[in-house]
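Asker: Before we start, here is the structure in question, set down as structure tokens.
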Amino acid sequence: MTSTTQNNYIGFEVLFNHASIGILVADSDNAILMANPFLLNQFGYTKEEITGAPIDSLLSCQDGEWVALRKDGSRFPVEVNQGDHETPRGVLTIIYVMDISDRKNSELTQQQLTQQKKEVAIKEGTLKKINSILNSVWSNAGAMIIVINKEGYIKWFNPAAERILGYKASEVIDIYTPMMLHDKEEVALRAEEFSRQLHQAVEPGMETLTIKAKLNLHNEYEWLYVRKDGTSLPVSLTVSAIREAGEITGYIGIAIDLTRIKQAESELRVALETERELNELKSRFVSLASHEFRTPLSAILSSVYLVSKYEAIEDAPKRGKHIQRIISSVNMLTDILNDFLSVGKIEEGKIQVRHSLFDAGKHIGTIISEMDGLKKSAQQIYYAHHGNPQAHLDPTLLKHIVMNLVSNAIKFSPEGAIISIRTQCSDSAFQLSVRDKGIGISEEDRHHLFERFFRSQHVANIQGTGLGLHIVAKYAELMNGSVSCNSTLDQGTEFLVSLPFPKN
């Protein structure tokens, strides 16, 4: 037997005895010659009971699905991979048997199913890697496999470990322990965890990595491996003890790269959070829409009823009052619908920015005059423009910004309050300030001010959709501008809008 053949045989024997998957070796008559410890334990047979038995006494295929039969008569679904190999003893078949009960049983939600498919894909990838060992037993394994002696020094370092971790086998064998791959702080924390679990002191180091395998306890954990270049990767590491005549002679560690799983988990969390936010937005929209439509519709219905009662000529003033109330309520409904439509167009990217030169002071003055009818009793609006009168912006979007900010200032300011509006044009930008002496905005609420449907708790009794400031911010953003807010509760608020002129 050559040195290479001997090494491959030793490598296969280690994998055969310590793999966490069932392995059978059968002759050309499908009689079982060998079964690894994992499979014997899984099926409930002893080595003597299973040797010579036909394969179909353990495995059967029904409608394309493999089913395994334990000694006690119970059945469980499995996935089977096999390959034939020429040997001096003739053609031998090596069969890999993986229990897929969990896969069959877990179909709770679409998210879980998606995650399961990813895990199955990884397991299938692992199976393919193990299957490649049929051709070169050890050297082409896809998982990182490291074998150490009882002193902890690395004795085997497979090509996958070389490829993934960046070390050559010659750089580590008989020189280092697997601690070279681990983050010392993580090992120290895991040592504390194991000390609590086992009720004994566990030293941070090789003892942490091997203590559970030494005690024949389940020893599969997630770790961070550190590559030669200093970068890290998450792995699922299984450590098993190698025993000869009951004595531990070393340990084998099989590590699977979890990078893709972690990425998938992160993407799934982001998707779930996005779905949760969308559901919250839908709920807030329905609640706000029903509340905001109810008030003007009630006013319209009651006014129509009262108008029908005032039929005499002398009742004309009363009719006029309620007709005006109907008009005001219809305008309110129109404004609400326009807000909803504006948000929809913004989200769909249907708002086009059309820059033009216009007199900013005159344009803003006209807008303020149109809003004169919205003022409360004795409220006053002061407006002043400074600098160059010419602005190079989209006048329609600017009008919506001004109307939203000024209507808010009117709405949230008391009767008799003064609202100050200032604009200024430089050679490169336009600035707008709208300041009121209203109820103010808390610091906490200012963080959410420009979100869709956001309304502060202390203005719940004041009409509004929670869309106006969101629209202002989006229109400013479309013109490459910005909006900021300074406010103190019970003292007032100032909104500042800065809009740059296009460079051309």
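The backbone N, Cα and C atoms fix where each Cβ goes, glycine too.
From TrEMBL, here are the annotated features:
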type	residues	note
DOMAIN	8-52	domain 'PAS'
DOMAIN	126-205	domain 'PAS'
DOMAIN	219-270	domain 'PAC'
DOMAIN	288-503	domain 'Histidine kinase'
Asker: Taking only the residues in the domain 'PAC' (219-270), give me the average pLDDT of this model.
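Answerer: Across the residues of the domain 'PAC' (219-270) the model's pLDDT averages 89 on the 0 to 100 scale.
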Asker: By DSSP, what is the split of the domain 'PAS' (8-52) into helix, strand and coil residues?
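Answerer: The domain 'PAS' (8-52) comes out at 22 helix, 10 strand, 13 coil.
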Asker: Going by DSSP assignments with H, G and I as helix and E and B as strand, what are the residue counts for the domain 'PAS' (126-205)?
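Answerer: Secondary-structure breakdown of the domain 'PAS' (126-205): 41 helix, 11 strand, 28 coil.
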Asker: If you run through the domain 'PAC' (219-270) with DSSP, how many residues end up as helix, strand and coil?
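Answerer: Across the domain 'PAC' (219-270), the residues distribute as 12 helix, 31 strand, 9 coil.
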